[in-house]
Amino acid sequence: MFMKKAIELAKKGLYKTCPNPAVGAVIVKDGKIIGKGYHKKAGLDHAEVVAIKSVSDKSLLNGATMYVTLEPCNHYGKTPPCSLAILNSHIKRVVIGMLDVNKTASGSVQFLKGKGLDVTVGCLEEACCKLNEIFITNITKQRPFYAMKAAMLLNGCISIKGGVSRYITSTESLEYVHRLRSRYNGVLVGINTILMDDPLLNCRIKRCNQPKRIVLDAFLKIPLSAKIFSFNPTNIYIATRASSDLNKKSILQSMGVNIIECALSGDGIDLIDLSKKLLERDICSVLVEGGSRIHGSFLSANLYDKAHLFYAPKITGSYGAFNVIGSQAASDFSEVKNLKTYTCRRIGNDIIVEGDF
C-alpha cells in the first residue's frame, strides 16, 4: 500500500525530471503516513529530502520507515546524498522499489545497512522499473529512449499517391498526439517530412512541456521559410553533416536554431552518433514521428523502445503511396521486430496500438 502511494507521487514528476529519474517517497510511523514527497525537477530536492522536510515534528522520524521507489542517491551531485539525509533523520527502516542503475549515484543500500538501518529492496520492483524506463535506457544503453509514432491506413500506408499524408487519422488521435509530444523531451522527423508537410511539430496543449524539435537533414535542405521556424526557433535542433552549407548554418544559428554536426551513415545521419549528441544535450526521450525512411532506419538499428501506432479505418492501394517502414523487408521471421507487451484501444474512429519492443 505504501509503495503504491510512493509510485503515485513519483508519477507527478514524470517527464519533468530529465536527466534525473522520477522518484516518490512516503514516511510511515505506526501504520500512518507522516511525510511524503516527490522529485519535481533536476536540481531541486530529491523525493526523500522533500518527504523528510514535510514532517513538521521531526521527533516523529525517530524509528520511522521510508518507502521510496528508487534507491536513494549516495553521492554529491547537484544536491547532497539522500542517504545522509535519511541517516541524520533517524529513520530506522528503508523499503526500496528498485536499485539505481547509475553506478555513480548508487551504493546507499550498503551504506545504510552499514549504519545499522533495516533496508529492504524489491518492493513492487516491476512497477518502479516501468516508471523509470526512460532513465534506465539512458543509463544502460547510453542513448535517449526512442518511441515510434506513426499514423496509417489499415494496410500500413502513411500516405496516398504523391506522398500526401495529412489528416489520415481522427481529431481525437491528433489531440492525443499532442499529449504524447508533451511527454517526450524531443520530437524527431526527417527532412522529407518538413519538405512535404511543413509541420510546426509543437505541442498545442495549454501549459504543456514543449519538446525539442529535431530535424534530420544531412544536406541542409530545409527552407528558411519553413513553418517550423515561426515558433520558438531556439527549441529547434537540426542534425546535419559538418560540411553542410556554412553560410546557411550561420543564418540558422543567428535565428537561434541549434546545429548538431553528426557523422553520416550512407547518405543519412548516423543514428548512433546522433544518439550520443542528443543525450549530451539532456534530450533523454524522443518521439520519432517519421517519415517512412526515418522509421526504417531506427527500426533497422534496433533503436526503438516503444511504439504508438494509429490505424485509421480506411484503405487504399499501395502503389505510389509510402509504407510506414521504408526499409528492406525481413528475409526470415526471426528478424521481424516484436512488441513484447502491447495494448489496443479505440480513439475516435481510429485504433491505437501501444507497446514496448
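Numbers here mean position along the shown chain, with the first residue as 1.
Backbone N, Cα and C atoms are what each Cβ position is placed from, and that goes for glycine too.
Remember, predicted model here, so these are calculated numbers, not experimental data.
The following features are taken from TrEMBL:
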DOMAIN    1-109  domain 'CMP/dCMP-type deaminase'
BINDING   HIS46, CYS73, CYS82  Zn(2+) binding site
ACT_SITE  GLU48  active site, proton donor
BINDING   ALA151, THR193, ASP197, GLY291, SER292, ARG293, ILE294, HIS295, GLY296, SER297  NADP(+) binding site
BINDING   SER165, ARG181, LEU201, ARG204, GLU289  substrate binding site
What Cα-Cα separation, expressed in whole Å, is found between ARG181 (substrate binding site) and ILE294 (NADP(+) binding site)?
18
Around the Cβ of GLU289 (substrate binding site), other Cβ atoms found within 10 Å total 25
Most Cβ neighbours inside 10 Å, all chains, among the recorded positions GLU48, ASP197:
GLU48
Check: same-chain CB within 8 A of Zn(2+) site center, minus HIS46, CYS73, CYS82:
VAL23, ALA47, GLU48, VAL49, PRO72, THR79, PRO81, SER83, ALA85, ALA105
Fewest other CB within 10 angstroms, which one of the binding-site residues HIS46, ARG181, ARG204?
ARG204
Summed over the domain 'CMP/dCMP-type deaminase' (1-109), the DSSP helix, strand and coil counts are 31 helix, 25 strand, 53 coil
The domain 'CMP/dCMP-type deaminase' (1-109): mean pLDDT?
96
Those residues of the chain, 6+ apart, with a Cβ under 8 Å from that of ILE294 (NADP(+) binding site)
LEU188, VAL189, GLY190, THR193, LEU216, VAL288, GLY326
Neighbouring CB atoms within 10 angstroms of the CB of CYS73 (Zn(2+) binding site), all protein chains considered, total 26
What is the biggest Cα to Cα gap, in Å, among ALA151, THR193, ASP197, GLY291, SER292, ARG293, ILE294, HIS295, GLY296, SER297, the residues listed as binding NADP(+)?
20
Give me the non-local Cβ neighbours of GLY296 (NADP(+) binding site): same chain, 6+ apart in sequence, Cβ-Cβ under 8 Å, ordered along the sequence.
ILE325, GLY326, SER327
Considering only the recorded positions GLU48, ASP197, LEU201, SER292, which residue has the minimal Cα-Cα separation from CYS73 (Zn(2+) binding site)?
GLU48
Quick one: Cα separation, GLU289 (substrate binding site) versus ALA151 (NADP(+) binding site), in Å?
9
ALA151 (NADP(+) binding site), Cβ-centred 10 Å count of other Cβ atoms over all protein chains shown, is 24
